[in-house]
Structures are given as structure tokens and as C-alpha cells.
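Enquirer: Pasting the relevant annotations from Swiss-Prot:
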ACT_SITE  7  active site
BINDING   164, 167, 170  Na(+) binding site
């Protein structure tokens, strides 16, 4: 059975801010664009956490709900909520089959929660996932290094626009959000 998938999510910590950007394309299989304006970046826990997903849409929504529940349970502690979600993800037979990845961030931490329950905090404050993730990551690293005067939001938007120019599964209908 074909699934709805393909997207790019990019996040960066820079100059005291964190920004996250996601495109709006939802693809059915490898041949049909079903939606151009999906919102894959959201605020969670009283607006203090940014979260973005890539992968199967239904699976990602399930993970959003689970992660939001963990944030509430652990009073907004991003790292603890991520660890507890990862534990549950690895142990639960149904969750283990979910095909999605998430980037979550608050002002202090930026984390990747992978499809196999791994949690990764980048050394350089930049993460990208999805079909255009490699392109966005390369652009973001270059901008953060060689254009440090840009803000986190500008880096996130430019990185995702670069990915959209290259990746057929990424479009220019961006949602960009920032925590200062």
C-alpha cells in the first residue's frame, strides 16, 4: 500500500535563537503530489517547543501526539520527554513500525528523534531530515559558518529554499517558526 510521505524539515540554533522550517508538500508514493500546503512544523507545550516531522503522515501525527503527551507528563522537559518517547517507541510493537522522524527544539536543546528510537543532539546546532535533508543541511552549515550575521530564521528559510530547488519531494510553500 502506498503511503503519503516526502518532505524536508530543517532546524538551526544560532545567535541565541532556534528556528525550524518545513515545506508543505505531501506526496503519495513516488508519482503524485497530493497537497502543497501541509503544516509539518508546529509549536507544542505552551508554545515553548518547536516540532517538525518527516515520513509517513499518519505515523508522524501519532508521534506528535505521543511526544506532546510526554512533554505534558514531564512539564516541558524536552530531553526527558524525548528519552521517554524513545523508550516507549523501542518497546511498543506498534510504535516500532512507525515510519517517521521528528526534530524537536526549545531554546536550549535541538534533538532528532529517529525512526528506530534514537535521540541525537547535533554538535553544530543544525539538523535536517527528510528527502531534501542533505541539501538543506549543507546549505545551513555553509550559511551558519560563512554568513554568521544572518539570523536563525533567515538561515532556516534559505536552507529549505535551497533544498526545494534540488529535491523533487520538497516545495517552496514553507512554514518557518522561531523561538527567541
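Backbone N, Cα and C define each Cβ position, glycine as well.
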Enquirer: If one measures from the C-alpha of residue 167 (Na(+) binding site) to the C-alpha of residue 7 (active site), what distance in angstrom results, rounded to a whole number?
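Expert: That comes out at 9 Å between the alpha carbons.
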Enquirer: Including all protein chains displayed, how many Cβ atoms other than that of residue 7 (active site) lie within 10 Å of its Cβ?
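Expert: There are 29 such Cβ atoms around residue 7 (active site).
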Enquirer: How many Å lie between the Cα of residue 164 (Na(+) binding site) and the Cα of residue 7 (active site)?
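Expert: Here the two Cα atoms lie 10 Å apart.
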Enquirer: Whose Cβ lies within 8 Å of the mean position of the Cβ atoms of 164, 167, 170, the Na(+) site, other than those residues?
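Expert: My list of surrounding residues reads 8, 23, 25, 131, 132, 135, 136, 160, 163, 165, 166, 168, 169, 171, 172.
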Enquirer: Using a 10 Å cut-off, grab the number of neighbouring Cβ atoms around the Cβ of residue 167 (Na(+) binding site), all chains included.
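Expert: So the Cβ neighbour count for residue 167 (Na(+) binding site) comes to 22.
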Enquirer: Using a Cβ-Cβ cut-off under 8 angstroms and a sequence gap of six or more, which residues of the chain neighbour residue 170 (Na(+) binding site)?
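Expert: Once residues fewer than 6 apart are set aside, residue 170 (Na(+) binding site) is near 6, 7, 8, 23, 25, 130, 131, 132, 160, 163, 164.
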Enquirer: Ten-angstrom check, please: count other Cβ atoms within 10 Å of the Cβ of residue 164 (Na(+) binding site), all chains counted.
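Expert: Within a 10 Å radius of the Cβ of residue 164 (Na(+) binding site) lie 21 other Cβ atoms.
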